[in-house]
Amino acid sequence: MSELDQSDNTPTNFIRQIIDQDIEQGKHDGRVHTRFPPEPNGYLHIGHAKSIVLNFGIARDYEGLCNLRFDDTNPHKENMEFVESIQQDVRWLGYDWQERLFYASDYFQQLYDFAVELIKAGKAYVCDLDGEQMRAYRGTLKEPGQESPYRSRSVEENLDLFARMKAGDFADGERVLRAKIDMASPNMNMRDPTLYRIRHGVIHHQTGEAWCIYPMYDYTHPVSDALEGITHSLCTLEFEDHRPLYDWVLDNITIPSHPQQIEFSRLNLEYTVLSKRKLTQLVDEGFVEGWDDPRMPTIAGMKRRGYSAASIREFCRRIGITKSDGLVEIGMLETCIREDLDARAPRRMAVMHPLKLVIENYPDDQQEMLEAANHPKDESMGVRQIPFSREIIIDQADFREQANKKFKRLVTGGEVRLRNAYVIKCEEVVKNNQGDIVEIRCSYDPDTLGKNPEGRKVRGVIHWVSAKHGVKGEVRLYDRLFKQANADKVEEGGRFTDNLNPDSLRTLTECYFEPALVDAEVEQAYQFEREGYFILDSVEAGRQPMVFNRVITLRDSWAKIEKGGGK
Ligand code: ATP
Ligand code: MG
């Protein structure tokens, strides 16, 4: 699948059509230059991946450029851990910003100078209204706002007050710089929006304590885009109503370029939340282990869970880019990872709920190496050796004392094939004093290695691990983080965390892995036959016992529940 996201495979969309037209008409000198502008106040998630794939994908396909730019104007919520994780995640997804790593804070001086230009032109003023008064003056969607009493300040007074704001003469919230646009505008964003506010006592991760005034997003973004020569500034739909302000800023300062803002719908995904505020809450309140918890929809979490970058890119390709909002089925994402892993995950055997099985007619001092294909359809993946011996471990779920014909596994007196090995027959069941099954005693048919027995049909195949050779370890069965598709939907008075799935993690500590898994590496997911896809946990890697994470089940076990069939 790694080849699937090549340019000729990316379906067109309304943004690409706009760009095609722009190129044809020679707009932006025929250049294409995009940017991905994360705010370093959290880890990237699958929604950001949609934006990354869009921005970097367009740059690649149009032989243009894509910048990585941190939108770092809110220092109290930002930190270097986020700055670093974001770079790691973009790179891991397969994209390269080359030497074009920028910070909006790189432009603080220029942003200040442009603000002075606006003041001099009578297009910005220092306002002393406090937050509450500002809201009251702003009006509503139905009623126009009122002009601030400070709106008519002279240019000189504004220049002086703004310089003193910068110099630290005023407290937080005492004054702001506002654009002078139109308090009667039907677009609330145009009612003299704030351009700068005062923030003392925070140490910015890039600029330290150099500034105590910080520019607002709506002012910073167009200026940063223009300074970088961005041609198409792609953002999510909630910024549609901010576009007039984006354009107003660029039309009223002396700057040679005017990027074009285009909005698309953000990704919403079933069974998870993609708001950074909510994800932060899950981390801070201990509902998950951290930002890279394998249940999180973060890139770091998905990577640790075992999702490949290619499967995430493929998912983004399939959902496409539109202007209509909706909730994307989680099945779309799960299908992408299943298809990817089915094609490239080597097969292995592992037992989750061990049950001892003794093959009575197999000599105690004997063992042999059996050969098994690493992949049923891809011979190039080669073979491995699996040790076989008198005592093996099977899964408790693969044995029943009695069962009807639908049970295609081992029953008392019945026969079953051991995957990659012989046909065995259950001769006896051993129980402890409480009546629990502790051991199965079987016989094996030596003439059934790689061929069917004569004159009888064996209907089932089960997996197993040699007791003596198997490696004991832990498996973490991850499932969806939320129990309902619309994870955000809450009853009155409830919290979204009420919707968390209590079974999103089950830990099994008595598992047996076939010996070949000792060499497992964190980048390589495996199919544990009949169980699902698993990957070595990257955080626990190198420690004993080994810990494997379940990436995904072989089939969608939730489909049955949703149709009322039970899990
Ligand atoms: P939140 O609203 O949760 O705080 P954000 O949109 O503010 O997230 P940013 O770091 O500002 O997060 O996002 C960087 C870029 O990624 C922006 O261009 C934003 O539009 C885009 N983006 C964020 N979330 C999604 C999403 N769910 N789907 C598509 N694009 C997204
Ligand atoms: Mg944002």
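Using N, Cα and C of the backbone, Cβ positions are placed for all residues, glycine too.
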Which stretch does TrEMBL mark as motif ''HIGH' region', out of 16-26, 38-48, 258-268?
38-48
Tell me which range among 63-67, 273-277, 428-432, 543-547 TrEMBL lists as motif ''KMSKS' region'.
273-277
Using CB under 6 Å from any atom of ligand 1, narrow the binding-site residues Glu39, His48, Tyr217, Thr236, Leu267, Ser275 to the ones that qualify.
Glu39, His48, Thr236, Leu267, Ser275
Please give me the CB contact count at 10 A for Tyr217 (L-glutamine binding site), counting all chains in the structure.
15
What is the average pLDDT across the domain 'tRNA synthetases class I (E and Q) anti-codon binding' (461-537)?
97
Under 8 Å between C-beta atoms and at least six residues away from its ends: which parts of the chain pack against the motif ''KMSKS' region' (273-277)?
39, 41-42, 45-47, 266-267, 297, 482, 487-488, 496
Where else in the chain does the motif ''HIGH' region' (38-48) make close Cβ contacts, counting only residues six or more beyond its ends and a cut-off under 8 Å?
68, 70-72, 74, 77-80, 82-83, 85-86, 89-90, 205, 266-269, 272, 274, 276, 279-280, 291-292, 296-302, 312, 315, 333
